């Protein structure tokens with residue numbers, strides 16, 4: 001990470017160029033923040049129907065929704081701009097990143113950094129903070145650590161999905177919406193207790209095949225010291241850092257293979 | 001004129017028929033979200049004792065999958081390119097053609113919606129039928145009403161987006177208007193949750209004062225037999241006409257502005 | 001050798017529609033076994049018709065594209081595997097792809113590049129000063145890049161590619177679309193950079209003036225293969241582009257045959273004849289002509305490089 005300073009320079013330049021048009025930036029910031037507020041509001045509208053979701057009461061639901069919202073917001077702010085890869089692959093503009101003496105992936109994220117997405121991070125922090133405050137947590141050092149680390153491991157998992165989704169563009173440029181099913185779909189999935197999805201293939205695949213159970217639901221159970229009603233072993237509730245690491249390995253491996261398939265068309 | 005409109009409809013249809021991969025990707029995503037929303041709604045209904053504010057499970061399944069299927073048909077999240085043409089000034093050539101661009105855009109968009117019906121509507125609906133117990137109307141007349149209602153919804157979706165596009169004549173940057181429309185149409189159409197879960201006053205405001213429920217919720221309610229189907233359809237047609245009339249009026253003002261100020 | 005390539009190849013898979021629904025895969029070799037050896041300090045024109053594989057070769061040499069087969073070494077490094085190290089030592093201008101920040105003033109792009117390439121401030125300042133003087137950047141250094149004219153932007157791109165003091169400069173169509181004055185400025189600048197012995201320069205171009213003014217050595221590529229590697233003169237010699245003698249006569253051309261020359265055209269009611277030199281020197285042909293017919297005027301025309309290249313491209 002000796003290059004960190006360089007990336008900060010790039011990010012700052014990107015912020016300068018985006019905030020040049022103040023009005024547009026304000027609109028983008030407001031829109032982006034309001035749209036994610038809508039997602040969180042949806043959870044509470046549905047909660048209000050019967051005063052619970054999937055057998056969990058208010059504090060647990062708030063904690064899960066807050067964890068999911070914060071993890072996704074961080075991932076979206078840092079990795080969400082990976083989506084731009086599709087455009088760069090289509091136009092051949094990805095060349096410019098490969099010609100500089102820096103990691104192409106890190107540049108992709110830094111060069112397209114979208115400051116408007118930061119509003120969502122603040123929002124996620126507020127909801128998660130509320131969740132932690134309202135939930136009856138028996139604090140001990142392990143739980144404090146878990147509470148701090150979980151939004152980050154969740155963000156890493158979402159971030160890997162953003163990167164995997166973008167990397168697919170090296171083979172299939174028009175794949176845009178398929179990636180959305182797992183990134184935005186994953187955000188929706190993780191906003192609710194896992195118990196709501198029943199025991200069918202869909203729920204199992206999203207929860208354990210992709211690993212979404214480890215973003216918010218399982219760590220929230222660990223914080224609340226509650227077992228999973230569907231019988232997931234207790235120790236799995238602490239395994240989010242491990243699954244995040246697996247996701248990182250998968251995403252970087254795919255990226256390495258993908259970049260070799262870059263065709264640099266467009267000129 | 002009918003001949004021209006038919007040509008425009010087929011042109012719109014054909015143009016979107018070439019985006020095969022994007023159609024596939026979009027359909028896939030609709031299906032994933034269908035599963036997701038379906039499980040969530042069914043779970044909410046189960047914990048509320050079987051009914052979610054009056055919808056039973058089968059009705060919820062129909063509501064969710066109709067919503068996913070119609071999303072690409074009403075296309076409310078994708079702005080029309082009219083705003084871009086206003087910004088670049090190309091719109092001048094549109095406005096002084098013998099056919100009013102409002103109709104050109106409408107027929108082309110209907111063609112697009114027709115293609116979406118064949119692909120992005122039918123496939124998610126089929127997925128819903130295979131994997132869930134869907135409420136199917138018994139009365140054949142209801143199916144006819146559902147089809148009419150989808151056509152009305154597509155026109156409402158078009159009218160709203162065209163109106164938003166026309167704001168480009170007055171606003172330098174239409175992103176704010178696009179975002180506001182996107183947000184309101186998402187919640188107001190009942191895509192995220194059936195509108196019955198909202199407090200009564202808000203429901204009334206939405207149904208009576210806005211076109212948003214006409215985009216999705218209206219069709220879903222006709223299909224599952226909630227409310228008077230003819231009244232709901234009449235409401236959609238009302239909003240379709242109002243929006244088109246508004247588009248026409250706003251466009252006339254924009255044309256005048258263009259003539260007077262020279263763009 | 002600062003650039004070496006042996007058997008360099010790049011295959012692309014193309015799907016073609018066959019009938020209504022079937023698609024067939026075809027493998028197309030955009031570059032099909034290119035060998036190159038370029039020494040330090042050379043200035044080389046890499047030319048060929050559209051789609052011949054020029055850009056693809058350059059992209060493999062700069063680490064953008066992974067070769068399907070063969071080997072490349074630039075500055076002793078393997079371009080793809082050692083891309084980041086190599087990027088510090090080469091400068092690249094791809095006419096269609098900007099290295100600059102669209103919304104920021106040119107000067108800010110330059111200072112960002114200083115951080116990206118980790119150039120010592122003094123070196124950066126010295127190089128920037130020189131480029132500014134040679135290319136006249138002062139007038140538009142504070143203008144956002146998106147507002148620059150193409151010529152101004154290209155001057156910016158050239159500067160951006162040189163600020164880290166690269167050993168090799170790769171230029172893909174650096175003069176494409178530029179106005180005459182900007183083309184001139186770019187050529188003079190490149191000649192100056194080359195004369196100063198700072199960098200080995202490889203450029204692709206369609207502009208024959210670029211070739212004539214800049215390139216000592218030409219590599220011509222067609223259908224992914226090198227079809228000529230040598231000087232411009234050698235190219236003329238090889239592809240039969242010949243000097244021509246145009247003689248205006250006082251009487252009609254009697255239809256002679258001259259040894260070592262070929263009549264290519266008779267014009268002006270037989271009062272002008274064009275002879276292509278084919279073995280004989282100009283002096284010998286003129287002497288023979290003077291003896292045979294009354295001469296009014298004489299001129300020797302050098303072959304046009306356009307013709308040579310055109311002839312080369314037409315060969316299938």
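A Cβ is built for glycine as well, from the same backbone N, Cα and C atoms used for every other residue.
A TrEMBL annotation is a machine prediction, not a hand-curated record.
The annotation transmembrane segment is assigned in TrEMBL to B:27-48 (among others). Using a Cβ-Cβ cut-off under 8 Å and counting only residues 6 or more beyond its ends in the same chain, the transmembrane segment (B:27-48) has close neighbours at 55-57, 60-61, 63-65, 67-69, 71-72, 119-120, 123-124, 127-128, 131-132, 193-194.
Summarising the annotation, TrEMBL assigns transmembrane segment to B:60-78 (among others).
Only residues 6 or more beyond the boundaries of the transmembrane segment (B:110-132), in the same chain, are considered here, and those with a CB under 8 A from a CB of the stretch are 8-17, 23, 26-27, 30-31, 34-35, 38, 61-62, 64-66, 68-75, 150, 154-155, 158. Annotation comment: TrEMBL describes B:110-132 (among others) as transmembrane segment.
Under the heading transmembrane segment, TrEMBL lists B:144-172 (among others).
What TrEMBL records for B:178-197 (among others) is transmembrane segment.
Feature annotation from TrEMBL assigns transmembrane segment to B:230-250 (among others).
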Chain residues outside the transmembrane segment (B:230-250) and at least six past its termini with a C-beta under 8 angstroms from it: 100, 102, 106, 145, 148-149, 152-153, 155-156, 159-160, 162-163, 166, 207, 211, 214, 218, 221-222
Distal contacts, the transmembrane segment (B:178-197) - CB-CB under 8 A, six or more residues away: 41, 52-55, 60, 63, 67, 71, 74, 76-77, 79, 83, 157, 160-161, 164, 203, 206-207, 210, 212-213, 215-217, 220
